[in-house]
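Heads up: the structure comes next, in C-alpha cells.
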Amino acid sequence: MKVSTAALAVLLCTMALWNEVFSAPYGADTPTACCFSYGRQIPRKFIADYFETSSLCSQPGVIFLTKRNRQICADPKETWVQEYITELELNA
C-alpha cells in the first residue's frame with residue numbers, strides 16, 4: 001500500500017510539472033507566425049481580418065484570415081495586399 005501511495009504521489013507531481021512546462025507561454029522574442037512563401041491573391045470578400053508577421057521572421061509578411069479561419073500569407077509590397085489592408089482598416 002505504501003509503495004502504491006508513493007508511486008501515485010510521484011506520478012501526480014510529474015504530471016503537474018509536465019503541465020507547467022508545456023503550458024508556459026513562449027518568450028517575447030519568439031515569433032508566433034511567419035511567412036516562408038506567399039499565396040496567390042484571393043477575392044476580398046473571403047477576407048475577414050489580417051495581421052503583420054513579427055519583425056523577427058526571416059521575411060516580411062501579412063497574414064490574411066479568411067471567413068473560414070484559414071490563414072494566407074501575402075507579400076506586403078504587393079498592391080492588392082496594401083489595398084486589402086486599407087479596406088480592412090476603414091471598415092474596422
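Positions of Cβ are set from backbone N, Cα and C atoms, glycine also.
Listed in Swiss-Prot:
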type	residues	note
SIGNAL	1-23	signal peptide
DISULFID	Cys34-Cys57	disulfide bond
DISULFID	Cys35-Cys73	disulfide bond
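On the structure: features taken from Swiss-Prot.
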residue: Cys34; record: disulfide bond; Cβ within 10 Å: 15
residue: Cys35; record: disulfide bond; Cβ within 10 Å: 21
residue: Cys57; record: disulfide bond; Cβ within 10 Å: 15
residue: Cys73; record: disulfide bond; Cβ within 10 Å: 17
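If you take the Cα of Cys57 (disulfide bond) and the Cα of Cys73 (disulfide bond), they are about 13 angstrom apart, rounded to a whole number.
Recorded residues Cys34 (disulfide bond) and Cys73 (disulfide bond) have their alpha carbons 8 Å apart, per Cα-Cα distance.
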